Amino acid sequence: MCFLFRERKTTVKYQKPKGTADILPAAAEQWDTVEAKSREVFRRYRYGEIRVPLFESYDLYARSSGDTSDIVTKEMYDFDDKGGRHMALRPEGTAGVVRAYVENKLYGPEYPKPYRVYYMGPMFRYERPQSGRQREFHQIGVEAFGSESPLLDAETIQLGVDLLHNVGVHGLRIAINTLGDPETRTAYHHALVDYFKPHLSELSADSQVRLEKNPLRILDSKDPQDKPLVADAPSILDYLTPAAAAHFQAVKDALDQLHIAYTVDHTMVRGLDYYNHTIFEIMTSSPAFGNKELTVLAGGRYDGLVEQFGGPAVPGVGFGLGVERLMLLVQENEPAPTPAPLNVYIAALSEKAGIQALVLAHAIREAGYTVDMDFLNRKAKGQFKTANRENAQLVITLGDDELANQQASIKQMATGKQIQVPFTTVTGDFQRLYADLVEEGNN
Ligand code: ATP
Ligand code: MG
C-alpha cells in the first residue's frame, strides 16, 4: 500500500496565489519565537493584544488611508459580498483598531490612558511581488490612544527599537519627520502647489493627479520622473506653526535623552493620509535585502483619526512592522533552530503491540512529554531508524514478551542502558521514570 502511495506520480493542480507564501513548520517555529519575543516587550510596555476582523467595509480603509494613497488607488483587495456590501481585506492595521476603539468606547473613564494595544496578523495589498513585498504579508503593530504628549511619540519609537533589538536585529537607522498640525499642513499645501504648478508637465501622470488632490503625496512618489523635482521641493520644517515646532523639538529632545540616534528627513511623508506631527521609519540594510536599505517599521501620530471615525477628539500614535522583512533579517543573523529532541519513541513489533503503544503514548503525552510511534507498518529496524532520526531520548519496545508480561523495555539512547518496567509505571508515573532515566543520565 505504502509503495503505491510513494510511487504514484503527482502533478500540482493548484498553486498558491501570486504574492503569497506558505510558512512551513520549521519557519513557523522561527515566527513563533519572534512573536513570543515581541509579546514579551509589549508586556513590559503595558500593551494588551487586540484582535480585529481581517475584513471591514471598504469605506473604512478608503477614508482613513486617503483616496490618493497607493493603498486606495491601486492596492486594495476589495469585493462585493453576497449581500451587496462593498468590503475589503485589511491593507493595514490602524483603521480596524481605531474603528474598534470607537465602537467599544475604549476612551471611557474605566479604561487606562493612554490606552495601548498591539496586534499581529496578515495584511493584504495588491502589489507587484518582489523581495520583501508580498500581496499577503504580516504586520506586528501598536496603537496608543489618549495622549498628545511628545514623550509618548518618543516612547513609541523606543518600543520599536527595543522590539527589534529583542528579536536580534541591530544596525538600525531611524528617520523622523513632522507633518505638523492642520495649520502647518494648509500652509505647506499652498507652498507645494506654488512650487509644483509651474512644473506640472514634468510630473508623472499620478503626481499630476496628486497635485490636484493631495500635493503632499507627491513627496512619497516612487516614480523616478518625480524624484529630481521632489528633491528641491520646499521643506515642511519651514512651515511649522510654533506649537508644531515645539512638539517636534520635544520629541527630538526626548530621543536625545534616550540616546536614540536619528536623522530628520523632511521629505518623508508616509504612505497613509491620517498622520500628523511625528512620523518615523526604522530602516536597515542587509544582504537579505540585496544590501539595499529597507524600511522594517514605520509609524507616527494620527491625532484626528478617532474623531473622523465618529469618536471623541482622542489623539493616537502607533507603528506597523513588516514581519516578512523582519524574518529575513532574523534568519540571516541566526541559524535555523535545531529541532527539539523527541522524548519517547515507541517501537511496536506487532499489530496488538501497536494498540498498546497508542495507549502508552497517550499516557506519556498526558504527562507532558513528546511521543511518536510507527503508523506505516515499518519493520523493527525501520522503527529504530526513525527513532534515531527523530533524536529520541528513550525508546520503548513492545513485542510479544512485553505484552505477555505487561512490561515495557525502555532503552536510554544516550547510554544504551536498558530496563524493564511495568506498563502501570509508564502510565502511572512517567515523570518520575523520565527523571530517573534521562535527567539522572545527564548528570
Ligand atoms: P512602501 O513605501 O515600502 O510601500 P508603505 O508605506 O506602504 O511602504 P506601511 O504601510 O507603512 O508601508 O507598512 C509598514 C511596514 O509593513 C513597511 O515598512 C514594510 O516593512 C511592511 N510592508 C508594507 N507593505 C508590504 C508588502 N507588500 N509586503 C511585505 N511587507 C510590507
Ligand atoms: Mg506601500
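Yeah, the Cβs are placed from backbone N, Cα and C, and that goes for glycine too.
Just so you know, TrEMBL annotations are computer predictions that nobody has curated.
In TrEMBL, the L-histidine site is described by Glu92, Gly93, Thr94, Gln139, Glu143, Arg270, Tyr274, Tyr275, and among Arg44, Arg46, Arg125, Arg173 the residue recorded at this site is Arg125. Neighbour counts were taken at the CB atom with a 10 A radius for the binding-site residues Thr94, Gln139; the maximum falls on Thr94. Contact annotation for binding-site residues (Glu92, Thr94, Tyr275) versus ligand 1: Glu92, each with CB under 6 Å from a ligand atom. Across the domain 'Aminoacyl-transfer RNA synthetases class-II family profile' (19-339), the model assigns an average pLDDT of 94.
DSSP assigns Gln139 (L-histidine binding site) to a strand segment in the three-state reduction. For the L-histidine site listed in the record, the two most distant Cα atoms among Glu92, Gly93, Thr94, Arg125, Gln139, Glu143, Arg270, Tyr274, Tyr275 lie 21 Å apart. A simple Cβ count within 10 Å picks out one of the binding-site residues Glu92, Arg270, Tyr275 as the most packed, and that one is Tyr275.
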